[in-house]
Amino acid sequence: MGIAKMKKLTLLAEQKEKDSVLVAMQAMHNIEVISLKEAFSEGEEPELIGLHFEERKETVGQLTQTLQDIRYAIAYLDQFVPSVGMFKSLKKKRPIYSLADLESRVKEIDYKKLLHRVDYMEQTLTRLNEKLKELQKKEAFFRQWQNLTFMPSDTKAFKHFEILVGTVETEKAQVFEAAVNDLDTAYAEDIYQSRDTWGYLLVTPVDELEACREIQQIYGFQPLSYQEKGLPKDELQANLSEQKQIIHKITEEKESLKKYHETREHLHLAEEYFYNMREREKAKELMIHSEFVFVISGWTEADKLPGHIEHIQAMCDNQSIAFFETDVQEEEIDDVPTVFDNPEFVKPFESITAQFGMPKYNGFDPTPWYYPFHIAFFGMMSADLGYGLLLWLATWYALRTFELSKGMRLSLKMFNQLSYGTMLFGLIFGSFLGFDLPFRLLNLTDNVILVMGISVALGIIHMILGYGIKIYLAIKVKDYVSAYLDGAQWALILLGVAVIAINMVFFNIAWLTTAGLVLILGNILGMFIVKIFSNENKLAGVGQAAFGIMDVASVVGDLVSYTRLTALAVAGANIGMAFNLILSLLPPIARFTIGVILFVLLHALNIFITYLGAYVHTMRLQYVEFFGKFFESDGRRFNPLKTLEKYIWTKKS
């Protein structure tokens, strides 16, 4: 329980077995391939002894580009191919392939042809949409000028008049029109009015041309450049007709794309295949090669190693492969990945530890230790039997019915377990969907102080456990000063606080109070003694100890943080009761019609708020008040050679 023991598996095989070995390793999802370049000291050249490392960057780059093209095509088709709905997609069973079967299937598909087809459809739609936008832009122009009943080019035939068609900015239009009409025989008539411009017909006798042109220049009159062959109203009708045809073509193309369901499924398989191939190509860069053989090495869990060897032997030519097992060496500890090894019921909570950071390989996994507190804290903050039952039913149904990824399945298992805490405290506080149960151990409304005391008591136990782990880790590395100053001192002070509090509530015995004070004051004195004797500069030790007294306030603040358990429990319960009270005030007919809908909606809102608050604050208590006492996240995640498994499941053989 905690962190799995790791071993290094090194494999020597003939070059002909290279791909088979990598496929076998990838199918197991449990061997992290490591670079063998570190096996050579600085200055050593493997080429001198007939060894070399392969450069696969070009191949990896090509595969990455292919993957990007496939993913782009899938994303494009997703816009058109109808989805089956969230619940149907979750219930849909993924196909299962071996890597060999997947390769055969993808080779049958001709993915390049599929990509070309999707690309052609995209380009066709893009051209049609661009043409449609162009026509729509022209449509706006034709609509503005549709009252123009002559071709502007025909006005050049007049000798005694100048006839112009053009535009003026809207804010200048009326002043411009008045200025033109103030001339003796010139004439300005608006053809259209819009938010930005007004269109005008100007008729000017030859003898007033100079004055009219000066007005045009002053007010920014822009002559119309009309290049079309027909009148605007005729061009508008032709434009609308062409738009209709293009819209029809676009609709046809989109309807055609809706039938590309099979194409998308084939591209899903291609994405899986090329991702897997790219990962194997990356692994080849980490191996060392000679003309006839290669060596590959990787970390794996010690208890799974025999099974891995058997699987590789079954998938490859056993006579061409040699296996070497190596225990972790002291100098390798910083490089070894961390793999959690906990009972099945604890595994869902490992993600909480991983989110904070991975412990070192020779470090400490706190998951089994905070596991019961996580359920208790979450349950206390969301305490309602009905809410817990709903969470349990929802997660149980999803786990039994839906096709889920490994990560999602673990998350649902975690919430399924958290529901037990919610139901337990719901029974303790006697709450069911905001209604009072006929039995309860504690009344949240009447016993708030007692419940708060229980919250703080849980907090003291939680913090003492954290300090206890710190003591263990410090003693493990023989850092006895840290074991006392960072662990034992504060654990004993908290114990003293607990003794005094329990005595005041239950016993009121004088010597117990004295014992508690001795624990508190004795360890404050102990801090001075240890600081002074562990520091070469004794005066500096006194200063550090005096400064360390300020940490008492921090510990008090940590304890106060646990009162949020009571605060959220009371808030959630009171909100639920308030909703029920409001609904009870409705007339009978409304109460059992619209009231039922309101009951569901209001409690759904309260469930969401309650669980969100419980989840966030439980994480906060773990990360700040527990992990902060001892945890060092200087490890790294296990990163095995594995398949994508985004659309399918892969099997070992």
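From the backbone N, Cα and C atoms, a Cβ is placed for every residue, glycine too.
Pulled from TrEMBL:
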COILED    111-138  coiled coil
TRANSMEM  369-399  transmembrane segment
TRANSMEM  420-442  transmembrane segment
TRANSMEM  448-469  transmembrane segment
TRANSMEM  481-503  transmembrane segment
TRANSMEM  509-530  transmembrane segment
TRANSMEM  565-586  transmembrane segment
TRANSMEM  592-614  transmembrane segment
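Non-local neighbours of the transmembrane segment (448-469) in the same chain are 364, 366, 369-370, 373, 376-377, 380, 442, 486-488, 490-491, 494-495, 497-498, 501, 505, 555, 558-559, 561-566, 569-570, 621, 625-630; each lies 6+ residues outside the stretch with a CB under 8 Å from one of its CB atoms. Contact between the transmembrane segment (369-399) and the transmembrane segment (592-614) is supported by 3 or more Cβ pairs under 8 Å, counting only residues 6 or more apart in sequence. Counting Cβ pairs closer than 8 Å to the transmembrane segment (565-586), the top stretch among 420-442, 481-503, 592-614 is 592-614. Over the coiled coil (111-138) the predicted model carries a mean pLDDT of 94. Only residues 6 or more beyond the boundaries of the transmembrane segment (592-614), in the same chain, are considered here, and those with a CB under 8 A from a CB of the stretch are 377-378, 381-382, 384, 387, 390-391, 422, 433-434, 568, 571-572, 575-576, 579-580, 583, 586. Same-chain residues lying 6+ beyond the ends of the transmembrane segment (420-442) with a Cβ under 8 Å from its Cβ atoms: 375-380, 382-389, 391-392, 450-451, 569, 573, 575-577, 579-580, 603, 606, 614.
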